[in-house]
Structure formats: structure tokens, C-alpha cells
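Working notes for the structure below.
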Amino acid sequence: MSNKILTLKNVSKHYRQGNSIIRVLDDLNLNINEGELIAIIGSSGSGKSTLLHIAGLLDKPTNGEVIIANNEYKTNHLIRLNYLGFIYQQHHLLKDFTAIENVIMPRLINGSNQKEAIEAAKSILDSLGLGKKLHNMPGELSGGEQQRVAIARSLINKPKIILADEPTGNLDPKTTNEVFNLFLKVAKEQNTAIVMVTHNHELAHRMDKLYKLKHGALNMS
């Protein structure tokens, strides 16, 4: 039996521009089950990032509900820490902190002691092939290594779902495949669902479900 972990129910997002209303998302519905891999494609400006921000409680819908773990939430910092992880095209690592220091931060914020957080970070960085780069600064890492650190940081609290916005968009094709393979491997080991926005159709077709966002609506592709 599937275990639904995130639902967008009749979600709309509208912006007013002068006397006009721009309908970015229009009565959109999406159900995400535990461990499910979902890709969303669409043209630039179609609302893909807006959709992720609403799903991740970083933005509010004009209408509709965001339901996480069977509860409706408008915005909640603790829910984001416990249930959601985020990965972006830019790694957003703190340049003055080492790889492992960047990774342990969400764990410490979530209440873990430093020893436990370090052990968890070592384990996940090692699984991503960075066991020998724990104490490197971001500037000492390649682009692919930086993004793997960002992936480790997003997974450190074992979230139920990862929201990924073009997670390999800045990487060359070879590095893209290497990073994406490791990302899927660790997510599957943790039974973490992924919702990924991407322009890379090859990666999109490797997911369980593929949706296209067009005219504010999601359609199975």
C-alpha cells in the first residue's frame, strides 16, 4: 500500500501585473508517495520553480492546500527541517566552512549533538565518494564535488522528500551522470522521495513518473 507523504490539492498561484492577472499555477493537483521519484519538465517561465517553492513551504499558494504527512501546513520551519530537503542548481555552500561543516549544519539545527552529526555526515559523504574530502573547503572542490556536498547536506536529516531544482544544471554531461547516479543511490537507500525540476529529458525519463507543466497544469508525459 502506498504511503502518501505530500499532496498539492487544487493549488493555484496568481500574480497581479497592472490590471492583468498572471496565472502561473491553476488548480493544480499532485500526490507524492514515499520513495517515489518524480520529474517535472516545462518551458522556462512555466512555473516549475514556483511549484517547488510552494511544495517546500517557501511560498504560499493563492488558493489550495499543501498537505505533508496528512497535515495541512501553510509554513512551518520544523516541518521543513524534518520532512523536506532542498537542492538547487547553485550549490549554496558556505565558502568559509569545510565540506563536513556544511553538511552537519542542518543536523545541528535539528537538535543533534555534534558527535552524532559528524558521524552521520561522514557516512553520507563517504557514500557519495567524498570520504577523503571531508575537510576540504568548497573552493578546493570541483563543481561535481561541490554539488555532491550539497546533496549530502540535503539528505543529512533523512527527509521524506527532496525538492530538486535543476540539481545538475551547471555540470558537464559526464559529471551530471556521475552525480545523478549517486544522488539516486543514496535517496533510494533512505527511501526518500524526489521531486526534480529539470530541462534534462534523459534524467527526467529515469524517474518513476514524468510530468509536464504547461498553462499552469501538470500532465503525465
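Just so you know, glycine gets a Cβ as well, placed from its N, Cα and C.
Worth saying up front: this structure is predicted, and the values here are computed from it rather than measured.
Residues or ranges marked as ATP binding site in Swiss-Prot (evidence: sequence analysis): Gly42, Ser43, Ser44, Gly45, Ser46, Gly47, Lys48, Ser49. If you draw a 10 Å sphere around the CB of Gly47 (ATP binding site), it holds 26 other CB atoms from the protein chains shown.
Under the heading domain 'ABC transporter', Swiss-Prot lists 6-220, citing sequence analysis as support.
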Ser49 (ATP binding site), number of other Cβ atoms within 10 Å: 20
Output field, ATP shell: CB within 8 Å of site CB centroid, site Gly42, Ser43, Ser44, Gly45, Ser46, Gly47, Lys48, Ser49 dropped: Leu213
DSSP-derived class (H/G/I helix, E/B strand, else coil) of Ser49 (ATP binding site): helix
